[in-house]
Amino acid sequence: MPSDYTNKIVEIRGVRKSFDDNHVLRGVDLDLYERENLVVLGKSGSGKSVLIKLMVGLLRQDEGTINIFGQDTSKLSLKELNKLRLKIGFAFQASALYDSMTVRENMEFPLVRNVKNLTRKEIDKKVEGLLDSVGLPKTINQMPAELSGGQKKRIGIARTLILEPEIMLYDEPTAGLDPTTCIDINNLINQVREEYNTSSIVITHDLTCAKVTGDRMAVLIEGQFQAIGSFEEVFAQAKDPKVKSFYDYNFIQ
Amino acid sequence: MSEIIERNRPVLSKKLDKFFTGLADAFRFVKRFFQEVWFPPYEFKEILRQCYEIGYRSLPLISLTGFIVGIVFTNQSRPSLSEFGATSWLPALISIAIIRAMGPLVTALIAAGKVGSSIGAEIGSMKVTEQIDAMEVSAINPFKYLVVTRTIATTLMIPVLVLYTDFVALMGSFINVNQNELVSLSTFFVQVFEAISFLDVFSSLIKSLVFGFTIGIVGCYKGYNSSNGTEGVGKAANASVVMSMFLIFIEELLALQIVNAIRYA
(Lines of atoms letter the chains of each structure in order from A and count residues from 1; the text may use other names and numbers.)
(Lines give C-alpha, C1' and ligand atoms only; values in the text may rest on other atoms or scores of the structure.)
Protein backbone atom coordinates (compact mmCIF):
# COMPACT_ATOMS: atom_id res chain seq x y z
CA MET A 1 0.00 0.00 0.00
CA PRO A 2 1.45 3.37 -0.98
CA SER A 3 2.38 5.52 2.01
CA ASP A 4 1.01 8.75 0.60
CA TYR A 5 -1.15 9.81 -2.30
CA THR A 6 0.14 12.80 -4.15
CA ASN A 7 -0.41 12.15 -7.82
CA LYS A 8 -4.12 12.43 -8.56
CA ILE A 9 -5.04 10.63 -11.80
CA VAL A 10 -8.84 10.65 -11.61
CA GLU A 11 -10.92 13.56 -10.37
CA ILE A 12 -14.71 13.25 -10.32
CA ARG A 13 -16.69 16.35 -9.38
CA GLY A 14 -20.44 16.88 -8.96
CA VAL A 15 -21.46 13.98 -11.20
CA ARG A 16 -25.18 13.38 -11.56
CA LYS A 17 -26.87 10.65 -13.55
CA SER A 18 -30.55 9.77 -13.83
CA PHE A 19 -32.44 7.14 -15.79
CA ASP A 20 -35.90 8.67 -16.32
CA ASP A 21 -37.18 9.31 -12.77
CA ASN A 22 -34.50 7.20 -11.12
CA HIS A 23 -31.80 9.59 -9.82
CA VAL A 24 -28.89 7.18 -9.44
CA LEU A 25 -25.98 9.55 -8.79
CA ARG A 26 -26.76 12.84 -7.05
CA GLY A 27 -23.60 14.90 -7.11
CA VAL A 28 -20.68 12.52 -6.63
CA ASP A 29 -17.10 13.67 -5.86
CA LEU A 30 -14.22 11.18 -5.88
CA ASP A 31 -10.45 11.11 -6.45
CA LEU A 32 -8.16 8.25 -7.41
CA TYR A 33 -4.43 8.50 -6.80
CA GLU A 34 -1.55 6.77 -8.55
CA ARG A 35 -0.95 3.16 -7.39
CA GLU A 36 -3.99 3.30 -5.13
CA ASN A 37 -6.66 0.59 -4.82
CA LEU A 38 -9.91 2.44 -4.12
CA VAL A 39 -12.96 0.38 -3.23
CA VAL A 40 -16.43 1.73 -3.96
CA LEU A 41 -18.95 0.03 -1.71
CA GLY A 42 -22.71 0.16 -1.91
CA LYS A 43 -25.86 -1.90 -2.15
CA SER A 44 -27.09 -3.33 -5.45
CA GLY A 45 -28.60 -0.61 -7.58
CA SER A 46 -26.80 2.18 -5.73
CA GLY A 47 -25.02 3.38 -8.89
CA LYS A 48 -21.53 1.91 -8.35
CA SER A 49 -21.29 0.33 -11.78
CA VAL A 50 -22.85 3.41 -13.38
CA LEU A 51 -19.98 5.46 -11.95
CA ILE A 52 -17.24 3.41 -13.64
CA LYS A 53 -19.25 3.16 -16.87
CA LEU A 54 -19.32 6.97 -16.90
CA MET A 55 -15.54 6.97 -16.52
CA VAL A 56 -14.97 4.94 -19.71
CA GLY A 57 -17.66 6.71 -21.70
CA LEU A 58 -20.12 3.80 -21.86
CA LEU A 59 -22.63 6.23 -20.33
CA ARG A 60 -22.73 10.03 -20.28
CA GLN A 61 -23.27 11.98 -17.06
CA ASP A 62 -26.11 14.53 -16.92
CA GLU A 63 -23.98 16.99 -14.93
CA GLY A 64 -20.48 17.25 -13.47
CA THR A 65 -16.98 16.50 -14.72
CA ILE A 66 -14.77 13.41 -14.85
CA ASN A 67 -11.09 14.18 -15.35
CA ILE A 68 -8.78 11.26 -16.11
CA PHE A 69 -5.08 12.03 -16.56
CA GLY A 70 -6.11 15.69 -16.77
CA GLN A 71 -8.58 15.13 -19.62
CA ASP A 72 -12.27 15.96 -19.21
CA THR A 73 -13.93 12.83 -20.66
CA SER A 74 -17.11 14.66 -21.67
CA LYS A 75 -15.15 16.97 -23.98
CA LEU A 76 -13.19 14.27 -25.79
CA SER A 77 -13.86 13.23 -29.39
CA LEU A 78 -14.43 9.51 -29.99
CA LYS A 79 -10.84 9.17 -31.23
CA GLU A 80 -9.46 10.87 -28.11
CA LEU A 81 -11.78 8.85 -25.88
CA ASN A 82 -10.58 5.61 -27.49
CA LYS A 83 -6.98 6.67 -26.87
CA LEU A 84 -7.84 7.25 -23.21
CA ARG A 85 -9.73 3.94 -23.01
CA LEU A 86 -6.50 2.11 -23.88
CA LYS A 87 -5.08 3.32 -20.57
CA ILE A 88 -8.07 1.94 -18.65
CA GLY A 89 -8.79 -1.75 -18.16
CA PHE A 90 -12.40 -2.70 -17.41
CA ALA A 91 -13.04 -6.11 -15.84
CA PHE A 92 -16.76 -6.78 -16.22
CA GLN A 93 -18.98 -8.39 -13.61
CA ALA A 94 -19.90 -11.30 -15.88
CA SER A 95 -16.39 -11.34 -17.44
CA ALA A 96 -17.81 -10.49 -20.91
CA LEU A 97 -15.61 -13.02 -22.69
CA TYR A 98 -16.53 -13.34 -26.37
CA ASP A 99 -18.53 -16.58 -26.61
CA SER A 100 -17.58 -17.39 -30.19
CA MET A 101 -13.82 -17.11 -29.57
CA THR A 102 -11.32 -19.34 -27.78
CA VAL A 103 -9.42 -17.97 -24.78
CA ARG A 104 -6.44 -17.25 -27.06
CA GLU A 105 -8.63 -15.33 -29.53
CA ASN A 106 -10.30 -13.44 -26.67
CA MET A 107 -6.89 -12.31 -25.43
CA GLU A 108 -5.55 -11.43 -28.89
CA PHE A 109 -8.64 -9.54 -30.03
CA PRO A 110 -7.97 -6.18 -28.31
CA LEU A 111 -4.23 -6.50 -28.86
CA VAL A 112 -4.14 -7.02 -32.63
CA ARG A 113 -6.71 -4.28 -33.19
CA ASN A 114 -4.90 -1.67 -31.17
CA VAL A 115 -1.20 -2.50 -31.51
CA LYS A 116 0.02 -2.66 -35.10
CA ASN A 117 2.96 -4.60 -36.54
CA LEU A 118 3.14 -7.30 -33.88
CA THR A 119 4.60 -10.61 -35.01
CA ARG A 120 2.84 -13.90 -34.27
CA LYS A 121 5.64 -14.76 -31.85
CA GLU A 122 5.21 -11.51 -29.90
CA ILE A 123 1.43 -11.98 -29.66
CA ASP A 124 1.80 -15.58 -28.46
CA LYS A 125 4.43 -14.57 -25.90
CA LYS A 126 2.19 -11.87 -24.47
CA VAL A 127 -0.94 -14.06 -24.36
CA GLU A 128 0.86 -17.03 -22.82
CA GLY A 129 2.68 -14.80 -20.31
CA LEU A 130 -0.57 -13.27 -19.08
CA LEU A 131 -2.34 -16.61 -18.85
CA ASP A 132 0.61 -17.88 -16.82
CA SER A 133 0.39 -14.92 -14.46
CA VAL A 134 -3.31 -15.56 -13.78
CA GLY A 135 -2.55 -19.27 -13.33
CA LEU A 136 -4.53 -20.59 -16.29
CA PRO A 137 -2.04 -21.50 -19.05
CA LYS A 138 -3.86 -24.72 -19.96
CA THR A 139 -7.11 -22.98 -20.89
CA ILE A 140 -5.60 -21.27 -23.93
CA ASN A 141 -7.52 -23.29 -26.53
CA GLN A 142 -10.74 -23.66 -24.55
CA MET A 143 -14.02 -21.88 -25.27
CA PRO A 144 -15.51 -19.60 -22.56
CA ALA A 145 -18.45 -22.02 -22.14
CA GLU A 146 -15.98 -24.67 -20.91
CA LEU A 147 -14.64 -22.48 -18.07
CA SER A 148 -15.81 -22.06 -14.49
CA GLY A 149 -16.99 -18.67 -13.14
CA GLY A 150 -13.67 -18.05 -11.37
CA GLN A 151 -11.64 -18.97 -14.47
CA LYS A 152 -13.74 -16.61 -16.58
CA LYS A 153 -13.09 -13.77 -14.12
CA ARG A 154 -9.33 -14.42 -14.19
CA ILE A 155 -9.24 -14.53 -17.98
CA GLY A 156 -11.40 -11.41 -18.15
CA ILE A 157 -8.82 -9.63 -15.98
CA ALA A 158 -5.95 -11.03 -18.05
CA ARG A 159 -7.63 -9.79 -21.25
CA THR A 160 -7.83 -6.25 -19.91
CA LEU A 161 -4.15 -6.41 -18.87
CA ILE A 162 -2.99 -7.24 -22.39
CA LEU A 163 -3.13 -3.56 -23.34
CA GLU A 164 -1.08 -2.66 -20.23
CA PRO A 165 -3.58 -0.22 -18.70
CA GLU A 166 -2.61 2.29 -16.04
CA ILE A 167 -6.01 2.19 -14.33
CA MET A 168 -8.01 -0.98 -13.63
CA LEU A 169 -11.75 -0.87 -13.02
CA TYR A 170 -13.17 -4.03 -11.44
CA ASP A 171 -16.95 -4.36 -11.53
CA GLU A 172 -18.05 -6.74 -8.74
CA PRO A 173 -15.00 -9.03 -9.11
CA THR A 174 -16.17 -11.55 -6.50
CA ALA A 175 -19.90 -11.59 -7.24
CA GLY A 176 -21.31 -15.09 -7.59
CA LEU A 177 -18.08 -16.89 -6.63
CA ASP A 178 -17.43 -19.37 -3.83
CA PRO A 179 -15.31 -18.15 -0.86
CA THR A 180 -12.10 -19.90 -1.98
CA THR A 181 -12.31 -18.42 -5.47
CA CYS A 182 -13.08 -15.02 -3.91
CA ILE A 183 -9.77 -15.22 -2.03
CA ASP A 184 -7.96 -16.05 -5.30
CA ILE A 185 -9.56 -13.10 -7.08
CA ASN A 186 -8.76 -10.73 -4.20
CA ASN A 187 -5.13 -11.87 -4.30
CA LEU A 188 -5.09 -11.43 -8.06
CA ILE A 189 -6.29 -7.81 -7.73
CA ASN A 190 -3.41 -7.08 -5.35
CA GLN A 191 -0.97 -9.00 -7.56
CA VAL A 192 -2.04 -6.93 -10.61
CA ARG A 193 -1.21 -3.71 -8.77
CA GLU A 194 2.21 -5.00 -7.75
CA GLU A 195 3.16 -6.47 -11.14
CA TYR A 196 1.63 -3.91 -13.48
CA ASN A 197 1.82 -0.76 -11.34
CA THR A 198 -1.87 -0.02 -11.82
CA SER A 199 -4.26 2.16 -9.88
CA SER A 200 -7.66 0.53 -9.38
CA ILE A 201 -11.25 1.18 -8.56
CA VAL A 202 -12.93 -1.94 -7.20
CA ILE A 203 -16.72 -1.90 -7.23
CA THR A 204 -18.15 -4.35 -4.74
CA HIS A 205 -20.63 -4.97 -1.97
CA ASP A 206 -18.40 -7.66 -0.49
CA LEU A 207 -16.69 -6.23 2.60
CA THR A 208 -14.08 -9.00 2.74
CA CYS A 209 -12.99 -8.14 -0.79
CA ALA A 210 -12.99 -4.46 0.18
CA LYS A 211 -10.84 -5.05 3.26
CA VAL A 212 -8.29 -7.25 1.47
CA THR A 213 -7.89 -5.20 -1.70
CA GLY A 214 -8.66 -1.60 -0.75
CA ASP A 215 -6.40 1.19 0.46
CA ARG A 216 -9.39 3.49 0.79
CA MET A 217 -13.13 2.83 0.87
CA ALA A 218 -15.87 5.05 -0.49
CA VAL A 219 -19.40 4.13 0.56
CA LEU A 220 -22.09 5.09 -1.94
CA ILE A 221 -25.54 5.37 -0.41
CA GLU A 222 -28.56 7.01 -2.04
CA GLY A 223 -26.51 8.47 -4.87
CA GLN A 224 -23.84 10.15 -2.73
CA PHE A 225 -20.64 9.13 -0.97
CA GLN A 226 -21.50 8.99 2.73
CA ALA A 227 -17.99 8.09 3.91
CA ILE A 228 -14.51 7.98 2.39
CA GLY A 229 -11.37 6.75 4.16
CA SER A 230 -9.51 3.62 5.24
CA PHE A 231 -11.53 0.54 6.20
CA GLU A 232 -11.07 1.33 9.90
CA GLU A 233 -11.96 5.00 9.49
CA VAL A 234 -15.10 4.21 7.53
CA PHE A 235 -16.45 1.32 9.55
CA ALA A 236 -14.83 1.17 13.00
CA GLN A 237 -15.68 4.76 13.71
CA ALA A 238 -18.82 4.87 11.62
CA LYS A 239 -21.43 7.18 13.08
CA ASP A 240 -23.73 7.30 10.10
CA PRO A 241 -26.39 4.61 10.73
CA LYS A 242 -26.63 3.84 7.00
CA VAL A 243 -22.90 3.08 6.80
CA LYS A 244 -23.01 1.13 10.05
CA SER A 245 -25.97 -0.93 8.91
CA PHE A 246 -24.10 -1.82 5.72
CA TYR A 247 -21.16 -3.12 7.80
CA ASP A 248 -23.40 -5.00 10.22
CA TYR A 249 -25.36 -6.59 7.40
CA ASN A 250 -22.22 -7.91 5.71
CA PHE A 251 -20.46 -9.29 8.77
CA ILE A 252 -23.44 -10.51 10.74
CA GLN A 253 -24.60 -12.31 7.58
CA MET B 1 -46.82 19.08 -13.96
CA SER B 2 -45.16 17.31 -16.91
CA GLU B 3 -45.68 13.96 -15.14
CA ILE B 4 -49.43 14.66 -14.87
CA ILE B 5 -49.61 15.54 -18.57
CA GLU B 6 -47.66 12.37 -19.45
CA ARG B 7 -49.99 10.21 -17.30
CA ASN B 8 -53.13 11.64 -18.90
CA ARG B 9 -51.89 11.37 -22.48
CA PRO B 10 -54.14 9.11 -24.62
CA VAL B 11 -52.84 5.60 -25.28
CA LEU B 12 -52.87 6.20 -29.04
CA SER B 13 -50.64 9.25 -28.61
CA LYS B 14 -48.16 7.23 -26.55
CA LYS B 15 -48.15 4.42 -29.11
CA LEU B 16 -47.62 6.81 -32.02
CA ASP B 17 -44.84 8.49 -30.06
CA LYS B 18 -43.17 5.11 -29.46
CA PHE B 19 -43.61 4.11 -33.12
CA PHE B 20 -42.03 7.28 -34.54
CA THR B 21 -39.22 7.26 -31.98
CA GLY B 22 -38.47 3.66 -32.97
CA LEU B 23 -38.59 4.59 -36.65
CA ALA B 24 -36.16 7.47 -36.10
CA ASP B 25 -33.84 5.11 -34.18
CA ALA B 26 -33.94 2.59 -37.01
CA PHE B 27 -33.15 5.27 -39.60
CA ARG B 28 -30.21 6.46 -37.51
CA PHE B 29 -28.97 2.86 -37.32
CA VAL B 30 -29.16 2.44 -41.12
CA LYS B 31 -27.52 5.85 -41.63
CA ARG B 32 -24.68 4.82 -39.34
CA PHE B 33 -24.18 1.66 -41.43
CA PHE B 34 -23.75 3.72 -44.60
CA GLN B 35 -21.41 6.12 -42.80
CA GLU B 36 -19.17 3.37 -41.45
CA VAL B 37 -19.11 0.87 -44.31
CA TRP B 38 -16.68 2.90 -46.46
CA PHE B 39 -13.93 3.46 -43.90
CA PRO B 40 -11.27 1.08 -42.50
CA PRO B 41 -10.80 -1.25 -40.71
CA TYR B 42 -12.68 -3.46 -43.18
CA GLU B 43 -12.70 -6.70 -41.12
CA PHE B 44 -12.41 -8.92 -44.23
CA LYS B 45 -11.75 -12.02 -42.13
CA GLU B 46 -14.98 -11.57 -40.17
CA ILE B 47 -16.95 -10.82 -43.38
CA LEU B 48 -15.65 -14.08 -44.90
CA ARG B 49 -16.53 -16.00 -41.74
CA GLN B 50 -20.05 -14.58 -41.80
CA CYS B 51 -20.41 -15.35 -45.53
CA TYR B 52 -19.54 -18.97 -44.73
CA GLU B 53 -21.99 -19.07 -41.80
CA ILE B 54 -24.82 -17.38 -43.70
CA GLY B 55 -24.25 -18.84 -47.16
CA TYR B 56 -22.76 -22.29 -46.86
CA ARG B 57 -24.61 -23.30 -43.70
CA SER B 58 -27.96 -22.36 -45.22
CA LEU B 59 -27.45 -24.64 -48.25
CA PRO B 60 -29.12 -27.84 -46.93
CA LEU B 61 -32.32 -26.04 -45.92
CA ILE B 62 -32.40 -23.91 -49.08
CA SER B 63 -31.78 -26.98 -51.28
CA LEU B 64 -34.62 -28.95 -49.74
CA THR B 65 -37.06 -26.03 -49.83
CA GLY B 66 -36.19 -24.99 -53.39
CA PHE B 67 -36.47 -28.53 -54.70
CA ILE B 68 -39.86 -29.09 -53.08
CA VAL B 69 -41.16 -25.70 -54.28
CA GLY B 70 -40.18 -26.65 -57.86
CA ILE B 71 -41.98 -30.01 -57.70
CA VAL B 72 -45.10 -28.75 -55.92
CA PHE B 73 -45.50 -25.66 -58.08
CA THR B 74 -45.19 -27.72 -61.27
CA ASN B 75 -47.67 -30.29 -60.00
CA GLN B 76 -50.20 -27.67 -58.96
CA SER B 77 -49.95 -25.76 -62.25
CA ARG B 78 -50.42 -28.82 -64.51
CA PRO B 79 -54.22 -29.28 -64.12
CA SER B 80 -54.95 -25.65 -65.08
CA LEU B 81 -52.70 -25.78 -68.14
CA SER B 82 -53.93 -29.23 -69.22
CA GLU B 83 -57.50 -27.86 -69.45
CA PHE B 84 -56.27 -25.77 -72.39
CA GLY B 85 -53.94 -28.49 -73.67
CA ALA B 86 -51.02 -26.23 -72.80
CA THR B 87 -48.86 -28.43 -70.56
CA SER B 88 -45.97 -27.81 -72.95
CA TRP B 89 -45.88 -24.30 -71.48
CA LEU B 90 -45.03 -25.66 -68.04
CA PRO B 91 -41.24 -24.98 -68.23
CA ALA B 92 -41.87 -21.39 -69.36
CA LEU B 93 -44.51 -20.76 -66.70
CA ILE B 94 -42.41 -22.29 -63.92
CA SER B 95 -39.24 -20.46 -64.92
CA ILE B 96 -41.00 -17.08 -64.96
CA ALA B 97 -42.64 -17.74 -61.59
CA ILE B 98 -39.46 -19.03 -59.97
CA ILE B 99 -37.00 -16.50 -61.32
CA ARG B 100 -39.22 -13.44 -61.03
CA ALA B 101 -40.81 -14.11 -57.65
CA MET B 102 -40.67 -17.50 -55.97
CA GLY B 103 -36.88 -17.96 -55.88
CA PRO B 104 -36.03 -14.60 -54.25
CA LEU B 105 -39.06 -14.67 -51.98
CA VAL B 106 -38.66 -18.25 -50.72
CA THR B 107 -34.91 -17.78 -50.18
CA ALA B 108 -35.39 -14.47 -48.38
CA LEU B 109 -38.11 -15.85 -46.11
CA ILE B 110 -36.06 -18.93 -45.23
CA ALA B 111 -33.00 -16.74 -44.59
CA ALA B 112 -35.05 -14.32 -42.48
CA GLY B 113 -36.06 -17.26 -40.30
CA LYS B 114 -32.68 -18.95 -40.13
CA VAL B 115 -30.11 -16.18 -40.49
CA GLY B 116 -32.09 -13.17 -39.20
CA SER B 117 -33.06 -14.88 -35.97
CA SER B 118 -29.53 -16.14 -35.42
CA ILE B 119 -28.04 -12.65 -35.94
CA GLY B 120 -30.66 -11.11 -33.63
CA ALA B 121 -30.04 -13.70 -30.91
CA GLU B 122 -26.24 -13.61 -31.21
CA ILE B 123 -25.89 -9.82 -31.06
CA GLY B 124 -28.68 -9.62 -28.44
CA SER B 125 -26.87 -12.07 -26.19
CA MET B 126 -23.59 -10.16 -26.69
CA LYS B 127 -25.41 -7.00 -25.70
CA VAL B 128 -26.94 -8.35 -22.48
CA THR B 129 -23.72 -10.07 -21.39
CA GLU B 130 -21.77 -6.83 -21.89
CA GLN B 131 -19.59 -8.27 -24.67
CA ILE B 132 -20.41 -5.24 -26.84
CA ASP B 133 -19.42 -2.92 -23.99
CA ALA B 134 -16.19 -4.92 -23.61
CA MET B 135 -15.34 -4.17 -27.25
CA GLU B 136 -16.12 -0.51 -26.81
CA VAL B 137 -13.90 -0.10 -23.74
CA SER B 138 -11.08 -1.84 -25.63
CA ALA B 139 -11.32 0.95 -28.25
CA ILE B 140 -12.82 -1.47 -30.80
CA ASN B 141 -15.82 -0.26 -32.80
CA PRO B 142 -18.49 -2.94 -32.13
CA PHE B 143 -20.81 -1.51 -34.80
CA LYS B 144 -18.14 -2.04 -37.43
CA TYR B 145 -17.14 -5.50 -36.20
CA LEU B 146 -20.64 -6.87 -35.63
CA VAL B 147 -23.18 -4.89 -37.66
CA VAL B 148 -21.26 -3.89 -40.79
CA THR B 149 -19.72 -7.34 -41.31
CA ARG B 150 -22.97 -9.26 -40.87
CA THR B 151 -24.99 -6.89 -43.04
CA ILE B 152 -22.41 -7.03 -45.84
CA ALA B 153 -22.37 -10.83 -45.61
CA THR B 154 -26.16 -11.17 -45.86
CA THR B 155 -26.30 -8.62 -48.69
CA LEU B 156 -23.72 -10.57 -50.68
CA MET B 157 -24.89 -14.09 -49.84
CA ILE B 158 -28.65 -13.83 -50.39
CA PRO B 159 -28.30 -13.18 -54.17
CA VAL B 160 -25.96 -16.19 -54.42
CA LEU B 161 -28.46 -18.31 -52.49
CA VAL B 162 -31.27 -17.03 -54.74
CA LEU B 163 -29.42 -18.15 -57.89
CA TYR B 164 -28.84 -21.53 -56.25
CA THR B 165 -32.52 -21.81 -55.20
CA ASP B 166 -33.63 -20.92 -58.75
CA PHE B 167 -31.45 -23.71 -60.12
CA VAL B 168 -32.57 -26.30 -57.56
CA ALA B 169 -36.26 -25.38 -57.98
CA LEU B 170 -35.96 -25.66 -61.75
CA MET B 171 -34.32 -29.08 -61.34
CA GLY B 172 -37.22 -30.15 -59.11
CA SER B 173 -39.62 -28.91 -61.74
CA PHE B 174 -37.68 -30.69 -64.49
CA ILE B 175 -37.91 -34.04 -62.69
CA ASN B 176 -41.69 -33.64 -62.45
CA VAL B 177 -42.05 -32.47 -66.06
CA ASN B 178 -39.71 -35.21 -67.27
CA GLN B 179 -41.75 -37.93 -65.58
CA ASN B 180 -45.12 -36.65 -66.80
CA GLU B 181 -44.45 -34.98 -70.16
CA LEU B 182 -41.28 -36.91 -71.06
CA VAL B 183 -39.38 -33.70 -71.80
CA SER B 184 -35.57 -33.96 -71.95
CA LEU B 185 -33.24 -31.78 -69.87
CA SER B 186 -32.02 -29.78 -72.85
CA THR B 187 -35.55 -29.12 -74.16
CA PHE B 188 -36.67 -28.11 -70.67
CA PHE B 189 -33.86 -25.61 -70.25
CA VAL B 190 -34.22 -24.24 -73.80
CA GLN B 191 -37.85 -23.44 -72.95
CA VAL B 192 -36.81 -22.00 -69.58
CA PHE B 193 -34.26 -19.61 -71.10
CA GLU B 194 -36.59 -18.62 -73.94
CA ALA B 195 -39.19 -17.50 -71.43
CA ILE B 196 -37.00 -15.33 -69.23
CA SER B 197 -35.32 -12.05 -70.10
CA PHE B 198 -32.27 -10.20 -68.87
CA LEU B 199 -34.58 -7.87 -66.91
CA ASP B 200 -36.04 -10.87 -65.04
CA VAL B 201 -32.64 -12.08 -63.86
CA PHE B 202 -31.26 -8.59 -63.20
CA SER B 203 -34.30 -7.42 -61.23
CA SER B 204 -34.32 -10.68 -59.28
CA LEU B 205 -30.68 -10.13 -58.25
CA ILE B 206 -31.19 -6.47 -57.31
CA LYS B 207 -34.23 -7.46 -55.28
CA SER B 208 -32.19 -10.18 -53.55
CA LEU B 209 -29.52 -7.65 -52.61
CA VAL B 210 -32.22 -5.53 -50.95
CA PHE B 211 -33.69 -8.58 -49.19
CA GLY B 212 -30.22 -9.56 -47.95
CA PHE B 213 -29.53 -6.07 -46.65
CA THR B 214 -32.93 -6.03 -44.91
CA ILE B 215 -32.34 -9.38 -43.18
CA GLY B 216 -28.88 -8.34 -41.98
CA ILE B 217 -29.66 -4.83 -40.80
CA VAL B 218 -32.95 -5.79 -39.09
CA GLY B 219 -31.31 -8.71 -37.24
CA CYS B 220 -28.42 -6.47 -36.14
CA TYR B 221 -30.74 -3.60 -35.14
CA LYS B 222 -32.99 -5.79 -33.03
CA GLY B 223 -30.03 -7.53 -31.40
CA TYR B 224 -28.08 -4.31 -30.81
CA ASN B 225 -31.07 -2.73 -29.07
CA SER B 226 -32.11 -5.70 -26.98
CA SER B 227 -32.41 -5.40 -23.21
CA ASN B 228 -33.89 -7.19 -20.17
CA GLY B 229 -31.56 -10.20 -20.11
CA THR B 230 -32.34 -13.53 -21.73
CA GLU B 231 -35.98 -12.60 -22.24
CA GLY B 232 -34.80 -9.65 -24.33
CA VAL B 233 -32.59 -11.96 -26.43
CA GLY B 234 -35.57 -14.16 -27.29
CA LYS B 235 -37.64 -11.11 -28.16
CA ALA B 236 -34.83 -9.73 -30.34
CA ALA B 237 -34.59 -12.99 -32.29
CA ASN B 238 -38.35 -13.16 -32.74
CA ALA B 239 -38.70 -9.49 -33.69
CA SER B 240 -35.87 -9.87 -36.25
CA VAL B 241 -37.81 -12.57 -38.09
CA VAL B 242 -41.19 -10.84 -37.94
CA MET B 243 -39.86 -7.44 -39.01
CA SER B 244 -37.64 -8.88 -41.79
CA MET B 245 -40.52 -10.91 -43.25
CA PHE B 246 -42.86 -7.94 -43.13
CA LEU B 247 -40.33 -5.70 -44.89
CA ILE B 248 -39.49 -8.39 -47.46
CA PHE B 249 -43.16 -8.57 -48.55
CA ILE B 250 -43.40 -4.77 -48.76
CA GLU B 251 -40.17 -4.66 -50.81
CA GLU B 252 -41.45 -7.45 -53.09
CA LEU B 253 -44.58 -5.42 -53.77
CA LEU B 254 -42.58 -2.27 -54.52
CA ALA B 255 -40.11 -4.16 -56.70
CA LEU B 256 -43.00 -5.66 -58.69
CA GLN B 257 -44.41 -2.20 -59.42
CA ILE B 258 -41.02 -0.81 -60.45
CA VAL B 259 -40.09 -3.77 -62.68
CA ASN B 260 -43.51 -3.79 -64.35
CA ALA B 261 -43.23 -0.06 -65.00
CA ILE B 262 -39.85 -0.68 -66.70
CA ARG B 263 -41.08 -3.78 -68.57
CA TYR B 264 -44.15 -2.15 -70.04
CA ALA B 265 -42.71 1.34 -70.54
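Just so you know, glycine gets a Cβ as well, placed from its N, Cα and C.
Quantities reported herein were computed from a predicted structural model and do not represent experimental measurements.
Under the heading transmembrane segment, TrEMBL lists B:54-73, B:93-112, B:152-175, B:195-221, B:241-262.
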Check the transmembrane segment (B:195-221) against the transmembrane segment (B:54-73) for contact, please; criterion is three or more CB pairs under 8 Å, pairs 6 or more apart in sequence. no
Intrachain residues whose Cβ lies under 8 Å of the transmembrane segment (B:93-112), provided they are six or more past its termini: 54, 58, 61-62, 65-66, 69-70, 73-74, 77, 81, 154, 158, 161-162, 165-166, 169-170, 173, 177, 191-193, 195-196, 200-201, 203-204, 207-208, 211-212, 214-215, 240-241, 244-245, 248, 252, 256, 259
Long-range Cβ contacts under 8 Å made by the transmembrane segment (B:241-262), restricted to residues 6 or more beyond its ends, are 100-101, 104-105, 108-109, 112-113, 116-117, 120, 199, 203, 206-207, 210-211, 214-215, 218-219, 222
